[in-house]
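Visitor: Okay, here's the structure, questions in a sec.
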Amino acid sequence: MDARELIDKYHMNTYSRFPVTLVPGEGARVWDDEGNEYIDLVAGIAVNVLGHCHPAVVEAVKEQVERLIHCSNLYYNEPQAEAARLLAEAAPKDLNKVFFCNSGTESVECAIKLARKFTGCTKFIAFEGGFHGRTMGALSATWKPEFREPFEPLVPEFEHVPYGDVNAVEKAIDDDTAAVIVEPVQGEAGVRIPPEGFLRELRELCDEHGLLLIVDEVQSGMGRTGQFFAFEHEDVLPDIVCLAKGLGGGVPVGATIAREEVAEAFEPGDHGSTFGGNPLACAAVCAAVSTVLEENLPEAAERKGKLAMRILSEAEDVVEEVRGRGLMMGVEVGDDERAKDVAREMLDRGALVNVTSGDVIRLVPPLVIGEDELEKALAELADALRASG
């Protein structure tokens, strides 16, 4: 039996997969078990910001795996110390306390607990279209009914309002509201960018009412949108930030970053993770964060994003909308089946893309993708869109 047959037989039926088994990868390219080569515009769903098997991450993991893989948080470990320092220094001033976990949804769970503990309140305001994870707390903040309804009742007191509508947020605030949780760019909803000034207005509103502002940077962080954090486009300081995906350069890891005043609400025993902050994952964090900063990959993402939008504009007449920020882009085609057909067609054309929100082709390539690779893959996508239109 091959990998596909084994997974179909033994793995729970939780994923809709393309009929491709990926084996090796390097940079922005991957190969399947039949030797076919693909330019990767999915990057493990925005995880591989440094591409596949980046030498800095590979070397850091190799070195650490021979030294100390895991020791729990009963003890201090050096990679965790260095990773926390790097993140605190990469974040804007006052965001200087870090909690490490293993995934994006865990980082959101931490943020929810911390906001409750700090404020003493239990209500959260989230947004229509928002996606924050699939564990029970993060799922409560998530909007999509298909994700939520099979598992209700969820955590109570999460109210969803239209994305980008500050007036709706203000109307939803009551005396028991702890925080507003928001994505600076909604990824799962089809790469939706809020109106300019939205985050600033949210910050002002939270300050006015004594609420915390939680910004979910799980998909948009690590330089993807042209800044290390997407909220930096509006020069806003959140109280809590959720980070994962690209944080480990492909190694599973998440982090919750908070202002010191807020973080001090936690005491030993309030929250924890057996694997969170383990030496192996944190060695990868050190390599990934250092590389993103030293190679100025946010600037590269902004530059390549502009190139991508120019190429995709050639297909604007056969789609509903092309939108994006940096290397986080969405092509809304207006028809669910057409979007799926184009994604499958792209396999034959030698590129990986994925579909989100039904009819949006999401493009989140590695930040290190070569401009020639980007041009080649997007030219094929533009051609496939025209052919399907």
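Just so you know, the numbers here start at 1 and follow the chain as drawn.
From the backbone N, Cα and C atoms, a Cβ is placed for every residue, glycine too.
Taken from Swiss-Prot, the feature pyridoxal 5'-phosphate binding site applies to Gly104, Thr105, Phe131, Asp216, Glu217, Val218, Gln219, Thr274, supported by sequence analysis. The N(2)-acetyl-L-ornithine binding site annotation in Swiss-Prot covers Arg134, Ser273. Feature annotation from Swiss-Prot assigns N6-(pyridoxal phosphate)lysine to Lys245.
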Visitor: Rounded to the nearest angstrom, how far is the Cα of the residue listed as 'N6-(pyridoxal phosphate)lysine' from the Cα of Glu217 (pyridoxal 5'-phosphate binding site)?
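Guide: Answer for this pair: 9 Å between alpha carbons.
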Visitor: Whole-number Å only: compute the distance from the Cα of Val218 (pyridoxal 5'-phosphate binding site) to the Cα of the residue listed as 'N6-(pyridoxal phosphate)lysine'.
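Guide: Counting only the Cα atoms, the answer is 6 Å.
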Visitor: Fewest other Cβ atoms within 10 Å: which of the binding-site residues Asp216, Glu217 wins that one? Let me know.
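Guide: Output over binding-site residues Asp216, Glu217: least Cβ neighbours within 10 Å is Glu217.
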Visitor: Expressed to the nearest Å, what is the distance separating Ser273 (N(2)-acetyl-L-ornithine binding site) and Asp216 (pyridoxal 5'-phosphate binding site) at their Cα atoms?
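Guide: Rounded to a whole number, the Cα-Cα distance is 20 Å.
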Visitor: Using other CB atoms within 10 angstroms as the count, which residue among the binding-site residues Gln219, Ser273 scores least?
Guide: Ser273
Visitor: Using a 10 Å cut-off on Cβ-Cβ distances across all protein chains shown, tell me which of the recorded positions (Arg134, Lys245) has the largest neighbour count.
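Guide: Of the recorded positions Arg134, Lys245, the highest Cβ count within 10 Å belongs to Lys245.
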Visitor: In sequence order, which residues at least six apart in the same chain have a CB under 8 Å from the CB of Thr274 (pyridoxal 5'-phosphate binding site)?
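Guide: Counting only residues 6 or more apart in sequence, the Cβ neighbours of Thr274 (pyridoxal 5'-phosphate binding site) under 8 Å are Ser72, Asn73.
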